Amino acid sequence: MATKNKTEVTEFVLLGLSSRPEIQPVIFGVVLIMYLMAVLGNTLLILVACSDPRLQTPMYFLLSQLSLIDISLTTITIPQMLVHTLSVNRSISYNRCMTQLFFFMAVGSMEVYLLGAMAYDRYVAICDPLRYSAIVSYSLCLQITLTSWMVVSLNSLLYSVLVTRLTFCGNKVTHFFCDITPLLKLSCTRPVLNEMLIFTEGVAVVGSPFFFIWGSYVRIGIAMAHMHSFAALKKALSTCSSHILVVLLLFGSLARMYLKPSSSYDLDQDRQVAIFYTLISPMLNPLIYSLRNQDVKGALWRLFRKLHTSDWLSDKE
């Protein structure tokens, strides 16, 4: 194995989605439109969940938290990418890179925990509906949210500290933000400890919500199999379908990006998966939850009608 030249890295150069200058304006335009759609769609979902009295339930509290996570996830990565797309200088300081890594991993992991909490909410609503209001409360959801933030923050801090202990042989990051996989690729030696952490502690921290979600839906499936009312079965399927779709999109992209040794990383493919995870998925989530949810569609209609009425009254005055 050839020995890599060690260098003291004070900044990294983010190579972005493509090095071809002729398509940079196209990338900028498409990504900007999608970013605005993601932010506006999730902001609208938060406003609806917070302002409509009919949506003042634990389920929509969790949904508004998921929208807040999606806004944060895109904002951590995409604005910087937009600036670099039309800029000659694509550097980012070492400290800023490590800070971005910490927040990206914390916010990304938090999304997994929120989906786990939403699966539990659906499980109680379908399997024990008579006791739902007694079991699932705002207090419980708030406790789950705060505890999850504590777990993912400590987990992200651990990863970030271990990355700072690496010796880098180069500073060109084949990515559009500071993610752990391309940074490990720059290490002068194989980052065995980091890889072991990903496949042990990382799987435990991020994988446990996945198995919790899977277990919840096994119980939900058993309960649905014993339903004799077609209306009840249809309502249960409608309640769960949006959440299942979001879970599949998220965990599919996470497994593709992280559950493999650094020697097998295909950074070009990982960039494509990352743009899906950090931009396309946050853009689609509000559409998935609103188009397949009659309560959200009704609340959106009432909000638009209220805004239209207010504008009409102000024009008359």
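Even glycines carry a Cβ here, placed using N, Cα and C.
Just so you know, TrEMBL annotations are computer predictions that nobody has curated.
Here TrEMBL flags 41-289 as domain 'G-protein coupled receptors family 1 profile'.
What TrEMBL lists as transmembrane segment is 26-48 (among others).
Summarising the annotation, TrEMBL assigns transmembrane segment to 60-81 (among others). Sequence-distant contacts of the transmembrane segment (60-81) (same chain, six or more residues past either end, CB-CB distance under 8 Å): 14, 16-17, 31, 35, 38-39, 42-43, 45-46, 49-50, 92, 100, 103-104, 107-108, 110-111, 114-115, 117-118, 121, 138, 141, 145, 176-177, 278-279, 281-282, 285-286, 289, 295.
The transmembrane segment feature in TrEMBL is assigned to 101-120 (among others).
Positions annotated as transmembrane segment by TrEMBL: 132-152 (among others).
A Cβ distance under 8 Å defines the sequence-distant neighbours of the transmembrane segment (196-215), meaning residues of its chain 6+ beyond its ends; these are 109, 112-113, 115-116, 119-120, 151-152, 155, 158-159, 162, 180, 247, 251, 254, 258-259. According to TrEMBL, the feature transmembrane segment maps to 196-215 (among others).
Taken from TrEMBL, the feature transmembrane segment applies to 236-254 (among others).
TrEMBL lists 274-292 (among others) with the feature transmembrane segment.
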Query raised in the report: On the 0 to 100 scale, where does the mean pLDDT of the domain 'G-protein coupled receptors family 1 profile' (41-289) fall?
Result: 86
